[in-house]
């Protein structure tokens, strides 16, 4: 068979020069590989490399066997006839090799599949508990040590309300230095916001980290505190009022008519903002004690400025001040000027201020024509009820101008000030008075007296000046300002000098009884007593423990209208009794407890000699206590105690004095005062003659009921009254002074009033 060893493909055209040489090796399109690893073929599967190989070289002719059995030689091979035509060679299409087979096998395939599996497992481990925890408090969550993990919102809120009930109501302790205060959280506007705390604890769909933390650990949620800032600031203000030691500005005050310097002092005040923040932080933590921080409070007035104002004040009260309108004039004594003169800090300067309204009120009727003067709206009592008395325009003192003119005159050394009288509306109109809430009687007291037309006349004059007084809310009523100086021009008789509690003055008989009656009406009205001085000897016709001694200019009786309503004073007097009633709106139920009296002390009787001796029955000494309890809605809101120590007064028996030439005697007085309102004095006397008599009396220094001792000394005698006023004078008890006893002492020496 011809061409038996040849391939089935068409033979190569011998005439084609391209077939003369073998094609170049194929190069890898990416790696440019021209050689392959051992055992790796670049041919597709099923394709033998023989079809691309060069035909083998012709073998050398084999030796022919000889002999009869020899195979006859094969006929020579003739080439395949090729037609004489152009042969068009078709390209051989060879499948592209699998290039991936050329890469070495990857070792990371297993690791990738492992990581994917782990991620899938972690996702499953996260999603399953996350879906379970959604909408609940994460496990391991606590608030102030209370575990609420795994609970719903409602369950968590109920748990916190129950477990933290006591802790949310535990008082907060505030300390400043050695002082400690406890605060009620409710009063401070602090409370636990349970709903807000639960919302903070519930996180919705938890993050993987939240799930991990919930499964492996715990979480403390900060509680949400509800703060009522208005109530908290108000409470901090109350704390500051109790703990603050503010700076004291320099100034000048008056003790009677004596200017007293008030030197500046550095203070410390509460840092309110920081304290409020610390109270909020200390709430719900019983282990925290809030330490209240303080700030330095520096005064503005220097000591040098105080000294300058002190010199100005001394000149201001050096002499009386005269007010005149051209035709009429009144005189203000230094004590009145001092009472209404104050010094107010203005930056670094002390400015004098004169209260012309209060100073002019008692003297304005003397400066104005009563028929043309303006009238403030007021009340009168008709059929047991307050009735309005309408205001009336007219003449009045220009108090604004007067205040400025007085300061100018005092600064220049002038003692006369022109009063400007103007026409205009009254200070209080009808509508203003109606809004004061005066609708009922809130306090009343009545006292009686049995003698003395002079005394009764003075009491009626005082009642006329008190009647119709209207005390506005917040105002302080002064007995001496309302009545003014008690003298003949004002309708008072029997004016005598007084010495009460070491302070000298003048007064008329019966004034202490008027003051005592007013004081008891004020006490029963539930109003605040600002100043009162008890007498040293009890007057039998006056209430025990609630007496008041007055004199002009001091001591005074002062009470403050601390109610939101006006107070109308109604006063009336007869020949034997005085009645004072106060009208306003009742705020309290007033309960008076007492008087509770201690042991009584009596003195032996005394014998007086001389024409000035007046017999007296004497009074025991004792201590009395009266307590006022104010109740509002059945609860006690105030408790005030009035305590009075009365000295004993010896009985005095008068006899004719019998002096002998050889008699020798000695008189001695000794006084002592302590405190503003009370003092204690002692008077002792000793007489010697044929026999010896000794008399003694004790009192609160400067009283008008002191007992003098008869002493008949040798030498030329002089006569003086020791420790008492003449018959008919009024002293500290507000009633006629007990009889004085003449004391005869050596010339050149006088007894001291004790």
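Cβ atoms here come from the backbone N, Cα and C positions, even for glycine.
All annotation found in TrEMBL is predicted automatically rather than curated by experts.
Residues annotated as compositional bias 'Low complexity' in TrEMBL: 1-21, 60-71. Marked as region 'Disordered' by TrEMBL: 1-83, 657-754. Under the heading compositional bias 'Pro residues', TrEMBL lists 72-82. Here TrEMBL flags 110-128 as transmembrane segment. What TrEMBL records for 182-281 is domain 'YoaR-like putative peptidoglycan binding'. Sequence annotations record features per position, and here TrEMBL assigns compositional bias 'Gly residues' to 667-688.
Panel annotation: around the transmembrane segment (110-128), residues 208, 211 of the same chain, lying at least six beyond its termini, place a Cβ under 8 Å from a Cβ of the stretch. Secondary structure of the domain 'YoaR-like putative peptidoglycan binding' (182-281) per DSSP (helix as H, G, I; strand as E, B; remaining residues coil): 42 helix, 28 strand, 30 coil. Mean per-residue pLDDT, taken over the domain 'YoaR-like putative peptidoglycan binding' (182-281), amounts to 87.
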